[in-house]
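A.B. asks: Encoded as structure tokens, here's the structure I'll be asking about.
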Amino acid sequence: MDTTAVASKGSTNVGSSTDTLSTSASLHPSMNAGSVNEYSEQQRHGTNSFNGKPSVHDSVGSDASVSNGHNNHNESSLWTSGIPKALEEATKSKKPDSLVSTSTSGCASAHSVGYQNIDNLIPSPLPESASRSSSQSSHQRHSRDGRGELGSEHGERRSAMDGLRDRHIRKVRVSQLLDLQRRRIRPADHTTKDRYGIQDFNFLQTLGTGSFGRVHLVQSNHNRLYYAIKVLEKKKIVDMKQIEHTCDERYILSRVQHPFITILWGTFQDAKNLFMVMDFAEGGELFSLLRKCHRFPEKVAKFYAAEVILALDYLHHNQIVYRDLKPENLLLDRFGHLKIVDFGFAKRVSTSNCCTLCGTPDYLAPEIISLKPYNKAADWWSLGILIFEMLAGYPPFYSENPMKLYENILEGKVNYPSYFSPASIDLLSHLLQRDITCRYGNLKDGSMDIIMHPWFRDISWDKILTRKIEVPYVPPIQAGMGDSSQFDAYADVATDYGTSEDPEFTSIFKDF
């Protein structure tokens, strides 16, 4: 049986939604002091609310997901275990890079920011697709066959036709792949209720804490495998009017089944608490890795973005909007693949739109800030923010002043560093599009507009989905299954789990 781990770092979120648990990142060095884009964890998770005061929810989001090693994978790391020493030395001497400032209208100006480009620290690229190489060889073949000017034109036309044909074949293959993955969903009558009890687990340590409770690393007393259990206090959920969101989280996780989404194995409750048994992700948060590296090389960011895209496409096809995409909610399993965790903000939708103001301020779409009804397109906006932050080391609209942050988002003007490739800028300009009728992911072809974008030309989507691609980073898991070294240590406190005295709210949470 495959199990994977769950514990995601919470951040200050705005609006009313299920307050899930939090786990701090391992290391968050401040970005280049004195830079016009200084950005630290404290600033990211500080006074982020519409009134400039700390949010009512001190932390929102947590789970922990990691594989227990029961899948066969043919993978090896492009990095050595852990963060290379060369990376640490390189980041000590950063040279400023110029930026190109653009908005949806294509304006440009010059700025500077001190972030070190670390592309040379990743020795090997991700595999390139066969379609790209075949197109290039076709172009070379027909160029050689040309005789004079007419022959050259003929060769160029043939090369262009071959390119269109290869693109069409690639699009058909990816469409078939997406159709297959979208059908994987648990039956509607699948239940998680009372599959386990408190007596089935040995509680080892705390992985994260939050407003509603804690996340614990546990070991099963039956199969000896490791899991993460999220414990939520019923009274706090009721007092903060989060009953519906909590029940939605349980229902959604009980239905979804995807390689890049955490698994909910079962739920149970005692008199005072709700328990959710999920994967344990031993590799820690992507946020922690990003802070250690300052920013990712393009090939690395592209790899993680591809796994997120497949997961979002799956959720959207099954009428689920995620609403809280950010590096803190992306965990690495022991093999280096992502797991999306923390579905406290996720919502089932069909033809109706969402209205709740929720999410992480830096990642909020403009339609959410404007208090307008919104749909799944908000997730694709967040994808654009995620890709930008992975490439640059900071989100595109960041400001220390919360109100200025929201103004920046509504204005939609993005400053692209000079080291961003033209393809990445083009993709981001279509994702960070204020007009949802023009935003990639929300158009006629849906996620295919993103998947088929030239920035992903060298991505083999079938290998991504089947996890048969070489990962850019393998977490340094040294103690084997159950290794929690990639998470911060928390002080354990006495708990009264398992009590049966004075049961509260049992009828409200009857599906747990």
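Backbone N, Cα and C atoms are what each Cβ position is placed from, and that goes for glycine too.
From a predicted model like this one, the values you see are computed outputs, not experimental measurements.
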A.B. asks: With L207, G208, T209, G210, S211, F212, G213, R214, V215 listed by Swiss-Prot as binding ATP, identify the candidate in K230, K234 belonging to that site.
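C.D. replies: So, going by the record in Swiss-Prot, that would be K230.
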A.B. asks: Among T104, T206, T356, can you tell me which residue Swiss-Prot lists with the annotation phosphothreonine?
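C.D. replies: Comparing T104, T206, T356 with the record, Swiss-Prot tags T356 as phosphothreonine.
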A.B. asks: So how many of the residues in the domain 'AGC-kinase C-terminal' (457-512) end up helix, strand or coil by DSSP?
C.D. replies: 5 helix, 0 strand, 51 coil
A.B. asks: Out of L207, V215, T356, the recorded positions in the record, which is closest to D324 (active site, proton acceptor) when you go by Cα distance?
C.D. replies: T356
A.B. asks: Please give the greatest C-alpha separation between any two of the ATP-binding residues L207, G208, T209, G210, S211, F212, G213, R214, V215, K230, in angstrom, as a whole number.
C.D. replies: 14
A.B. asks: Expressed to the nearest Å, what is the distance separating T356 (phosphothreonine) and S211 (ATP binding site) at their Cα atoms?
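C.D. replies: Their Cα atoms are separated by 20 Å.
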A.B. asks: Please report the number of other Cβ atoms within 10 Å of the Cβ of S211 (ATP binding site).
C.D. replies: 20
